[in-house]
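Positions annotated as domain 'HTH tetR-type' by TrEMBL: 3-46. The domain 'Transcriptional regulator LmrA/YxaF-like C-terminal' annotation in TrEMBL covers 74-176.
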């Protein structure tokens with residue numbers, strides 16, 4: 001169910017994804033949703049977001065294990081995200097952003113604090129992983145954190161533009177821009 005929910009929320013968003021569709025796509029019986037997720041859709045979506053977050057963390061860790069520096073790691077991540085986006089006909093981009101944009105408003109405007117905090121925690125983990133890599137490469141912690149935040153913003157903006165344009169060019173440009181940013 002988590003994997004089916006993840007695919008659906010990434011393409012359709014939180015509000016566009018109903019539990020009936022998740023059940024149908026996962027092949028799970030109706031009663032299993034509340035058995036496994038007694039807190040309902042929000043718990044299922046939080047788990048799906050966290051699964052997507054772990055996938056990105058695994059990509060970062062694998063690149064680092066291969067000895068890539070922070071710029072190379074980011075380039076690898078952008079390439080993987082671009083390929084994923086193209087393979088999905090631009091339905092998928094960042095495994096967190098679609099939901100993050102929907103749930104970050106106030107509760108009166110459809111916001112969901114629990115899911116907003118889940119998204120924020122995932123983004124913070126990615127940023128921390130990159131900052132840690134930059135510290136290992138010799139940057140002072142404050143500078144590493146600043147650069148990591150800028151890189152994450154560059155990636156997320158490029159993913160949004162690529163998805164809207166149905167063109168990977170923004171991701172390729174972001175990879176080159178990150179290379180320059182991290183060369184300083």
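From the backbone N, Cα and C atoms, a Cβ is placed for every residue, glycine too.
Through the fold, the domain 'HTH tetR-type' (3-46) approaches residues 52, 88, 91-95, 98-99, 101-103, 110, 112, 114-115, 118 of its own chain, all at least 6 residues removed from its boundaries and within a Cβ separation under 8 Å. Residues in the domain 'Transcriptional regulator LmrA/YxaF-like C-terminal' (74-176) partition by DSSP class (helix H, G, I; strand E, B; coil) as 81 helix, 0 strand, 22 coil.
Residue counts for the domain 'HTH tetR-type' (3-46) under DSSP (helix as H, G, I; strand as E, B; rest coil) come to 31 helix, 0 strand, 13 coil. Note on the domain 'HTH tetR-type' (3-46): mean pLDDT across this stretch is 91.
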